[in-house]
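As written in Swiss-Prot, here are the features:
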BINDING   S430, D445, I464, Y487, T498  3',5'-cyclic GMP binding site
BINDING   D696  Mg(2+) binding site
DOMAIN    408-547  domain 'GAF 2'
LIPID     G2  N-myristoyl glycine
LIPID     C5  S-palmitoyl cysteine
LIPID     C11  S-palmitoyl cysteine
Amino acid sequence: MGQACGHSILCRSQQYPAARPAEPRGQQVFLKPDEPPPQPCADSLQDALLSLGAVIDIAGLRQAARDALSAVLPKVETVYTYLLDGESRLVCEDPPHELPQEGKIREAVISQKRLSCNGLGPSDLLGKPLARLVAPLAPDMQVLVIPLLDKETGSVAAVILVHCGQLSDSEEQSLQVVEKHALVALRRVQALQQRRPEAVQNTSVDASEDQKDEKGYTDHDRKILQLCGELFDLDATSLQLKVLQYLQQETQATHCCLLLVSEDNLQLSCKVIGDKVLGEEVSFPLTMGRLGQVVEDKQCIQLKDLTSDDVQQLQNMLGCELQAMLCVPVISRATDQVVALACAFNKLGGDFPTSSFTDEDEHVIQHCFHYTGTVLTSTLAFQKEQKLKCECQALLQVAKNLFTHLDDVSVLLQEIITEARNLSNAEICSVFLLDQNELVAKVFDGGVVDDESYEIRIPADQGIAGHVATTGQILNIPDAYAHPLFYRGVDDSTGFRTRNILCFPIKNENQEVIGVAELVNKINGPWFSKFDEDLATAFSIYCGISIAHSLLYKKVNEAQYRSHLANEMMMYHMKVSDDEYTKLLHDGIQPVAAIDSNFANFTYTPRSLPEDDTSMAILSMLQDMNFINNYKIDCPTLARFCLMVKKGYRDPPYHNWMHAFSVSHFCYLLYKNLELSNYLEDIEIFALFISCMCHDLDHRGTNNSFQVASKSVLAALYSSEGSVMERHHFAQAIAILNTHGCNIFDHFSRKDYQRMLDLMRDIILATDLAHHLRIFKDLQKMAEVGYDRNNRQHHRLLLCLLMTSCDLSDQTKGWKTTRKIAELIYKEFFSQGDLEKAMGNRPMEMMDREKAYIPELQISFMEHIAMPIYKLLQDLFPKAAELYERVASNREHWTKVSHKFTIRGLPSNNSLDFLDEEYEVPDLDGTRAPVNGCCSLEG
């Protein structure tokens, strides 16, 4: 079945319930409630253009120009519109005065370009009306002199003076648009004035009959003058009634009508027959028969000249048999083209009903339209502009309707079908969306198809819809059965009759076809007109934008729902029960001294503390730093937060909770031993400590490059911004803060809350070593010139340095700890290397268990990364010297291990094996330490 139209007709026989929009699930992650979103404002430019588009007279033009300029320009105080009166005088009627053409005004008129100034000079001011525009004006005000040009004569046809404020770029653009539309409105008013004859004085014909006879007026002339005096309506139907009644009386015809010719000369239409206004306009094609030749030849014809098809069409329209007919072309003086056919039917008198129309009747009709034709064509032109105005307003309303249904594609498509059918007066409308190489329709006039088995799918290169989708061009088919692409099998099976089709493409902002709309059977015409094509083209733009944005909105929503669902699942498994935090706080917060007497010394190893005691140790450190009291943090909330953070860590060999605890403890050591409060604000130190706790949340044991190479979900979310894992860690921290009962910053002011989150983001992102290497030169410069507490950049750099030193703090402990940490790190690295090999990629040497030589890798890491960091710390804080010395000591240990295994060789092919053998390496104090990765850590 290769035709879109047929399928859509077939599916209209079933009614389908509308699809219900999916209900959002999950919890939204947010920072703090913002100000309410701004309400949409009215489109003042569109309103201004619509008002200009409706102008039909001078008074309306002046008012529309004033309203339009007031709508788009700032602080408009005065608008004067001067129109050409005679050959050179430019006159304003409100108040009445003539435009002085001197000074700035003369300059603008001669240059024929808009001019702005800070007021008019004395030479410009000839009277009181312009006195308020005298220079100098206020600094924020100006006078605009806007000449409107008549392109035919090349002269200025009107001038507008505006007293307003200074313009922005957007207001300048709006003014240019208004100028163009004002000129179009002026031309339209001038054209209407030229075509409309002066009103005939309402005097008695009988009273002036003798005078007109003396002037040589005939009886026809007097009747025509009387008729013209009655043609004051702006409605073309009323004008036709008066003219046709006159023609019926003068030609003795039983019926008279006007067959109006469409702009494309493809059809005739009739709304009035004699004294009767038809309920619906009757239209029929002009491509066949003698009536079409009349439009081309401009010659009168009678009944005997018509074809049988012509006669049948006219008899169907009149509802009676034709005995006689006279058809006279009505020619426009402006275009010299036939605009209508005046027809008289069945002449009374004489041998009625066989009487024929005479040359005198032909003269009567021609004489009538010689005087009334311009009135009729002007009124028809006015009605057309009114129709265009209504269509523009309808399109604007359609756009509003479409853009309020972006949340559901099916509802949007249903709205598109309804609006398209109403705009074009079509019997049926179908919309197909392009899905790869198929056109898919699941929304029809009858409703929405929920079951995929009922949706229509056709190849994108078959049938009428396929042709439009392939070419991207609109297709108007007057006779469906005569078109080679139409498949009439569906019509034969359903009994439906497809007469004509208008099929148009729907494109996105990149001019790519994303769908096709198909209108079937014009209701009030023989086929779809050129006007319908233009309307469909304009309508398709709104359709394309709304569909593209709706599909994008759907994808974003689906991604958000998945994210919310994943977040809900994670939070469910991380949920802290009331018993857990109650048990943690049962005996109050333990003093730091009770944990270990050396807890606040750099020599203390936090990994020696049992993991079950680490949550209390976090609370103890926060209390010792006085953050709980200073920021009035609720203890149950803090306990829940700490337990949630602990549960937020996975269990890879190294990047687990014990690593986060060690990093947090080192931050505490820096605070206690280096007196950080003399360098940083309290909120910065607090943010540093919380960031240490959260800096590796939900770490998967793989680095950023692996996330990008494996095209993981995290990479899709964050790769464009860089620091994939670090951004994920921060997002997880925000998710925990947004969990009920875990927001430890809940009592912060909005300003402090935002600053705390900004600090956490920057500090956590600083754990990416790539970031550290980018700012290393800035850190060196800061150390050279000395730290300046009043320099905000120094604050940011110091926080980044402190975070990195905390993250690598295991290197500042004893050799046993350093050796154990190396084992954990390389187990994690080798696991990633194995995954990369399984993906078909070649891992880095440090992650390849078959190639990595750990001692050399550790020496390189300590020389190029760790030691420079702690050297900078020593330069800024002399008390941190012991940290640098201990890192240097551990580097010497690795040098000796490397030398030993260079001589003796590795114990086996596995690079981790040497850490599991009982080799001894002389410690720096002369004792011998077993090189055993499983030995207990010093406490």
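A Cβ is built for glycine as well, from the same backbone N, Cα and C atoms used for every other residue.
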Distance, I464 (3',5'-cyclic GMP binding site) to the residue listed as 'Mg(2+) binding site' (CA atoms, angstrom): 58
Least surrounded among the binding-site residues, given as S430, T498, when other CB atoms within 10 Å are counted: T498
Taken over the domain 'GAF 2' (408-547), the model's mean pLDDT: 80
C-beta crowding around D696 (Mg(2+) binding site), within 10 angstroms: 26
Other CB atoms, at most 10 A from the CB of Y487 (3',5'-cyclic GMP binding site): 19
Helix, strand or coil at S430 (3',5'-cyclic GMP binding site) [DSSP, three-state]: strand
